[in-house]
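K.L.:
These came from TrEMBL, pasted as-is:
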| type | residues | note |
| --- | --- | --- |
| BINDING | A:CYS36, A:ASP38, A:HIS88, A:CYS91 | Zn(2+) binding site |
Number of protein chains: 2
Amino acid sequence: MSVQGTIAEKNAAYASSFTQGGLPLPPSKHLTIVTCMDARIEPAGQLGIDLGEAHIIRNAGGSAKEALRSVVISQRLLGTREIALFHHTDCGMLTFTTEQLKGIVKESAPGDAAVATEVDKLDFLEFPDIEESVKDDVKFLQDHPLVLEETKITGWTYDVHTGKITQVA
Amino acid sequence: MSVQGTIAEKNAAYASSFTQGGLPLPPSKHLTIVTCMDARIEPAGQLGIDLGEAHIIRNAGGSAKEALRSVVISQRLLGTREIALFHHTDCGMLTFTTEQLKGIVKESAPGDAAVATEVDKLDFLEFPDIEESVKDDVKFLQDHPLVLEETKITGWTYDVHTGKITQVA
C-alpha cells in the first residue's frame, strides 16, 4: 500500500475514537516548542506534551531564525509566553555546508538556470555543534526585537540514542 | 511546577523505557509531512507515523514556501521522495492579515524603530481558505525548480473537531 493510503487508513482508525474535538485554539500551557524535522523526534511523547498544550514548530535543524514568523504569531495572537528550543545529536545539519549542498543541487541539473538561481537564494542554516547552536538560537530569540521581553526561553539538546534531553541554555 | 520542570520530568520517564536508539537518520518511509504548529495537531498519532519514518516540518499555517529549505535538505541529503501537506480547520491563519498583525506589533511598542523595522520585513503568510491554500501550496511545490520532479505530492485538510483528514490535492 502507498504511504498515502496508509496515512488515510491509520487516520480513519484515529478519528473513529477521537474525543478531543472541543480543544480551544490557544495553547493551554502558553508554550512554544522549536525543534528539528528529524524522523526520530516526536515531541509529544518525548516531552510529555498533550494535545492542545503547545505550539510545535519544526524545520531542518530546529532553526529559531526560520521560526521567527511563527513565534510572532504564537505570541501576539495566541498568547504563548515560553519557548523551549531543542537541537539533537546525530543531526543532518552537522553533515554538510550550504556551499556543498548548493553544489549537489546544481550538479543534479547542469545548465538549469532556474535551479541555480533558486538555490543561490537559500541559506541552509547548518551548524557544526549542537550545544553552541542551541545557545546561539536562544540568544537570537532573547535579543530579537519582535520576541516579547517577558518570554521565558530555554535551550536543550535531545539525544536520539538515549531518548534523553539536557538543558544547555 | 514550571513547564520547564514538567518537560524534564516527563522526558526522564520516556527515556527510562526508550528502546529505539538505533534508528538511522534517513526517514524509512522516504516521506516528508508539512503541517501547522497548531497545538491540536499531533502528526504521529493522527497519521499513524512511527518514530524514524518521516520528516515532519511544522510552522504557522503549514506553509510550503517557508518549508522549502527543509524540503531541499530532506530530499537531497536524506532521500525523501514523497510530500504530504496538511492545513487544518479553525486555523489561526484564517483570523488575521499581515497588515493587521504588523499593526498589533507596532502598537505594542510605540516609537520603537527596531520593532517597526523588523516586523516590516515579515510576510505572515496567512490565508483565507484552507482548501485553496492547500492547493496553492501543493502547486508551489510541484512547480518549484528545487523540488525533485519525481516527488509524489499530496494535499490534505485535517478537521480539528473530528480528527479526520480529507485529501484535496
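Here the Cβ of each residue, glycine as well, is placed from N, Cα and C on the backbone.
What does the local environment look like for each feature on the list?
P.N.:
A 10 Å cutoff on Cβ-Cβ distances gives A:HIS88 (Zn(2+) binding site) a total of 25 other Cβ atoms nearby, all chains included.
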K.L.:
Judged by the number of other CB atoms within 10 angstroms, which among A:CYS36, A:CYS91 is the least packed of the binding-site residues?
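P.N.:
Output over binding-site residues A:CYS36, A:CYS91: least Cβ neighbours within 10 Å is A:CYS91.
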K.L.:
Long-range neighbours only, meaning 6 or more apart in sequence with Cβ under 8 Å: which ones does A:ASP38 (Zn(2+) binding site) have?
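P.N.:
Within the chain, A:ASP38 (Zn(2+) binding site) has Cβ neighbours under 8 Å at A:HIS88, A:CYS91, A:GLY92, A:VAL160.
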K.L.:
Suppose we call a site close when its Cβ is under 8 Å from a Cβ of chain B; which of the binding-site residues A:CYS36, A:ASP38, A:HIS88 are close?
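P.N.:
Sorted by position along the sequence, the hits are A:ASP38.
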